[in-house]
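Student: Take a look at what Swiss-Prot says about it:
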type: BINDING; residues: Leu11, Ser12, Gly13, Gly14, Leu15, Asp16, Ser17, Ala18, Thr19, Val20, Leu21; note: ATP binding site
type: BINDING; residues: Cys191, Cys201, Cys204, Cys207; note: Zn(2+) binding site
Amino acid sequence: MPTIMSAVVLLSGGLDSATVLRMAHATGQRIHALSFRYGQRHTMELEMARKQALSLPGVAHRIMDLQLSLFGGSALTADIPVPKGGVDENTIPVTYVPARNMVFLSLALAWAESLGAQHLYIGVNAVDYSGYPDCRPEFIQSFQQTANLATKAGVEGHPFTVHTPLINLTKAQIIQQGLALGVDYGLTRSCYDPDAQGAGCGLCDACRLRLQGFAEAGVPDPAPYQGP
């Protein structure tokens, strides 16, 4: 009987990571999904991550507590206003969480090595994104090289691969591929500054990119938004 490969998928509960979860699951690998409670103000996404994991058979899901809010430095984890009027494309926005993807991937790598898994999946995107440095292809390439230099598995000839299936897709293309795979986008949240019920503000950069993506895909966004 052939050995079933295993993979660790970073699952935030947002649109992109829910799509990546389905993509990874479709490969037939044994999927381990990892989410983080890191002090973010948009914690509703963790409930969405739980529901996304439960929607697929055989997915093991863990939520790890990691208080990046202790460091501050981001509008997502500190008392800093979330921009609502667009962002300057020439600067890194205040919604950037210092080294977040480096931290998340490092922990996913540690779990993968303990599981004997050689595949990591992350929903970074370099097309419709907000200018975060840890969403670029060069960062992913560098991390994969580091992963294989820094681990027992890597030096013993069992290298890791970091998969970024969304890296060159527009938000509309991501949505179209996700719908084809059966993603329920009503069970995802993207807003940086939602209300207490998890409804999106419709004005932050995450909401703007999401709404634009659904409009370009020609389908309505099923997530709730604040309004009169």
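Just so you know, glycine gets a Cβ as well, placed from its N, Cα and C.
Given the structure is predicted, the values throughout are model-derived calculations rather than measurements.
How about a rundown of where these features are and what they're close to?
Tutor: When secondary structure is read from DSSP and collapsed to three states, Leu11 (ATP binding site) falls in the coil class.
In the three-state DSSP scheme, Cys204 (Zn(2+) binding site) falls into the coil class.
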Student: Between Thr19 (ATP binding site) and Cys201 (Zn(2+) binding site), what C-alpha distance do you get in Å?
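Tutor: Distance between the two Cα atoms comes out at 22 Å.
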Student: Would you count the other C-beta atoms found within 10 angstroms of the C-beta of Leu21 (ATP binding site) for me?
Tutor: 28
Student: Can you tell me the CA-to-CA distance separating Ser17 (ATP binding site) and Cys204 (Zn(2+) binding site), as a whole number of Å?
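Tutor: Ser17 (ATP binding site) and Cys204 (Zn(2+) binding site) have their Cα atoms 19 Å apart.
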Student: Could you tell me the C-alpha distance between Gly13 (ATP binding site) and Cys191 (Zn(2+) binding site) in angstrom, no decimals?
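Tutor: Pair distance, Cα basis, whole Å: 11 Å.
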Student: If the ATP site is taken as the center of the Cβ atoms of Leu11, Ser12, Gly13, Gly14, Leu15, Asp16, Ser17, Ala18, Thr19, Val20, Leu21, which further residues of that chain fall within 8 Å of it by their Cβ?
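Tutor: Those within range, site residues removed, are Ala49, Gln52, Gly123, Thr188.
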